[in-house]
Amino acid sequence: MDIFTDLSSHAVSFLCVYQDVCKLIGLETNISSTQVSINLLDLNSEPYKAKSVNIGVIKRINVLMWNCPQNEDVVVSFFFSKIKVIIEVYELEDQSVTTNKQVVKNENLNTPDNPYAWRQHFRKILYQYPQHRTALTNALEYMPLLVILALGAEKANAYNQRLYQVWGNGATRFKEKKEDKYIRNEISYTKWWNNPTKDRKAKAIEFLEDEKKLMAALELEEVAVPFESLLNQELDEVDKSRTLRKFLPENLSALAAKKINDISDPLERAKQMKLRGIAFSGGGIRSATFNLGVLQKLSEMKQLHSYDFISTVSGGGYIGSWFISWLKRVGSIDQLSLLLNSRESADPMAEEVRPIRWLRMYSNYLSPNTGIMSADSWTMGLTWLRNTLINQAILVLLLCSMLSAIALVFEFWNNISFTNNFHFQQLFWWTFLILCIGAAITSSGMRLYDREYAPPSKYKFGSSKYMPALLLFWAAASSFLISAWMKSELPFLNSASFDKNTIIYPTALAALIAMLILAFFGRYYLRSRFANQQAWFWLWVFISSAAASCFGAFLLTICWQIMSMLKEVSTVIQYLPQKLIFILGLPLILETYTLSVIIRMLLMGNLFPDERREWWGRLGAVIHRFILIWIIITAGALVLPDALSYYYSKYSVLVPAIFGGWGAIIGVAVKLAFKSKSTAESKQNSGLNFTEIFIRFAPYLFMIGFLLLGSTALDAFRKLIGMHEHSDEEQQLRYFILTIALFVITMFFSYRLGVNEFSLHHFYRNRLTRAYLGATRRRTDRESTANNFTGFDNQDDIKIASLTAGNGYEGPYPILNTALNASTVSELDRQDRKAESFTFSPLYCGYDFSSTRSAADTRNGIFQYGYRPTKDFSEPDGPTLGTAMAVSGAAVNPNMGYHSSAPTAFLLTIFNVRLGRWIGNTRLGRWKRSDPTSGLAYLIYDMIGKSDINKDYVCLSDGGHFDNMGIYELVRRRCSYILLCDAEEDVQATCEGLANAIRRCRIDFGVEIKINLTKIIEKNKDTGFVESHTVEGTVRYPGDEIPSGKIIYVKTALTGKESVDIRQYYLANDKFPQQSTGDQFFDEAQFESYRKLGYQSIKDIHQIT
């Protein structure tokens, strides 16, 4: 987060803790320096002095402060002295304005429990008075994280970054503590800060007090920045653009505008600038064509020059990019207004308005020359087929590699041979070793659950984070070896001389010791209810552990007996008994572990720690999920292909019909998945209908055929090198080489082909660029550079970074909205979204959905923001407008934000219906790369519908997968006026996109948008038409007493007053104007009807002012 949010939030944390401590001790909680001084005096008197050393009070302060004094007797008084200094900063007045030291009085100052007001006041003084930032930093003994990163700590780990943030006197207290970790901290801290070649302390103050120098340093160090840090640069660009456009909002004089530029708080400056934004919604070519009419109407009303921002999504991005590129190439907003004005430029066939006519020419932009035998149609079909086969070849190679690896593991397991030896000591020590290692891992992974104990140190970053995964690995590995041992000793199980007790006794004894170790080192005893009954508690620990150990040993013999039964299975499938033991043996051993734990939990009853019961419950879920995956994968790899081959030979006559039906079902499922807009969300409206159930079922049916294909391919590879299906020990090396070779080949092709190159993104982007950006070039220029055979031209595209006032662009600042897919989230309140807002703009590209808090409160060093300079992002000189437009319009993709569904993702990936793009994560180090080095992992992520913002590369798709209106980013920028043009598909007139945008603006920004939609959605019962195309609403930003913003909402609707040609088209096409977004092939009548509807939706200037 920015330095102002960082400092103010940290200061507010101190004030909140101060109030909590005062309540615990019994002191007044008023936030004022006078009251704190009184409280400091009272701390030295009874009974406050005794209460101040209360362990709860000390720990409450230790949670917040990084380096408290070691002497607990002075912790509270020390903390209060820091609070006094913080509040004095809060009360400071600008010393450069007044000579006397007056204290600013604020009504909120003495209002307890008002963190928002405190934070806003801190922000105000920190922005207004740079010297106060240093004063607050000294008071908090805390340097904002962005300053530390600007000083060169970007490559340091999270632990050291946190360490370097200690400032001023806070560092001197490292010496007071003699523990090794504090001595190491002091050495590392001193070495970094006192580097003679860096002069970091002086630069820290300089960066703290000068935002421009800080931003320059951050860019030099290649540090991702939060949104608020860059907003002033965008506002500077808007100010320059206003000068070029000769525009000032009403009631804002030139002198006032100049004074506004002196405001350093970007949110306050944005509010005072009366920013105006226009948003074009998603909706494919329907939205593009409708909003073309809107643009023409605005030009006719001389309003195009009045917009500071243009925010576009998906189809709105088509026409928005067309408008931006034309304006860039024309060079004048006034000239473009004349060209768009059909009354001023009255000849539609004239050369100067050819860009509009070009849009009509390419209304079928995917395949301009219609007809089944046209070259465009064949190119579209064959391009998809070529890319699909290439991607499927990679996936088949991967499947063969996995099947070969599983078969190799089975062969290794099947050839493991243990010496027939049942000596008590050997069994005991081997069992003891396995179980005690597991107990050690488990106890390490359990955190202290006693609420009275302070959380881990501020410098400690999740040391037990991976312990559950390590425990699962150890449990699975040990189960693997135990099942192999049992399998090799099966001949002795039913021998008359064999005594099962030789197994049970040593196993039970080792398990008992391991369980007692786990209970002790897992700190089961740390509970207040056991304070006076430790003996009783440990007695039950022993009894329950002994019973569970015996039960577990008995279960092992049952598992052994089950394996013996499996070995007697008679079948035509080769090695089936061994395969069944391999498939089920490991799960049976794991189940023995879990049931033993449950037995001890059962016998201990309410003596078993509740927190530990929750821990075991979650681990049990992880283990059983692994068991299910193990059974499915191993059975699919080892048994299913043989079973299908057997039935293939037995019922060969039916095979063509079966595979034909299989292919037909999959084809229908892919088509439905392509057309389904909300496979994951539709259930909330109408439940799981047949279509949804069918789409969810089809991937599993496809997996069976795909698995058979992989098995057949692997068998062909084996025969090619002269291997049998099951190798003996001499052939295992050849089997191993085959597996490695398959993996190497798979990785090689994955490296060469990538994840984006043979998706449909490039196909989609090239045609959009030709249709909407190629339209704005002069005929003579394009004819000399375009390829005569394909019709494509690299010169059509424009670098987004060039769309600035300094580069001759004088239009509204463009924001192209995409969805940053995030099916894996760190905050559960965002899990339904499965995406966040990611924007492309001329200055910066990236995202920011970080919460309002201090960097001091983040232990993992992960911050949910990442903006980078556009000119350096992804490609040399930054991404192009065509790329951003195509990503913004990637409506169908395996990862689709809140529309995502794992079964649908699988089908769309297998059949290469992927319009989105994987691109370097702007928060992490690979942000300059446009593609992953090896695309295999990300192809798999697509296939399972997984996306994560913590990976080096992120998946971007249609902006409508997060906000289909485009107003989210305008609200973030505090626009006072928003013209929203909504042309999304909305047959039921639910205004889902608008409602979703309003909901997210309220949740994320605290902004309340109110619009009365009655005139625009309620149809007359007699005519079926609505009253109006436009309605007006209000926008209330945080801190507003009355709404300071206005929103004009324009929607595709019919009032019955439209022109004759629109009426006729509606009568012939009853879905108009809500035809499917999947229809991207407009004919002449359809194109003109939507364009004219957009033009007629705004009657006069009074509707939008």
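Residue numbering: from 1, along the chain as shown.
Cβ atoms are placed via backbone N, Cα and C, with glycine included.
Keep in mind that what you see is a predicted model, and the values were worked out from it rather than measured.
Per TrEMBL, the features are as follows:
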| type | residues | note |
| --- | --- | --- |
| DOMAIN | 278-404 | domain 'PNPLA' |
| TRANSMEM | 393-413 | transmembrane segment |
| TRANSMEM | 428-449 | transmembrane segment |
| TRANSMEM | 469-488 | transmembrane segment |
| TRANSMEM | 503-526 | transmembrane segment |
| TRANSMEM | 538-563 | transmembrane segment |
| TRANSMEM | 583-603 | transmembrane segment |
| TRANSMEM | 615-639 | transmembrane segment |
| TRANSMEM | 651-674 | transmembrane segment |
| TRANSMEM | 694-714 | transmembrane segment |
| TRANSMEM | 734-755 | transmembrane segment |
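Simply put, out of 469-488, 583-603, 734-755, 734-755 has the most Cβ pairs sitting under 8 Å from the transmembrane segment (393-413). Secondary structure counts, DSSP: the domain 'PNPLA' (278-404) has 86 helix, 8 strand, 33 coil. With a cut-off of 8 Å on Cβ pairs spaced 6 or more residues apart, the transmembrane segment (503-526) and the transmembrane segment (694-714) reach fewer than 3 such pairs and are scored as not touching.
It is 428-449 that, among the stretches 428-449, 615-639, 694-714, forms the most Cβ pairs under 8 Å with the transmembrane segment (469-488).
Stretch with the largest number of CB pairs closer than 8 A to the transmembrane segment (615-639), among 538-563, 583-603, 651-674, 694-714: 583-603. Below 8 angstroms of C-beta separation, residues 395-396, 399-400, 402-404, 407, 636-637, 640-641, 644-645, 659, 662, 665-666, 668-669, 672-673, 676, 679, 688, 901, 903-904, 906-907, 910 of the same chain, each at least six residues beyond the ends of the transmembrane segment (694-714), sit close to that stretch.
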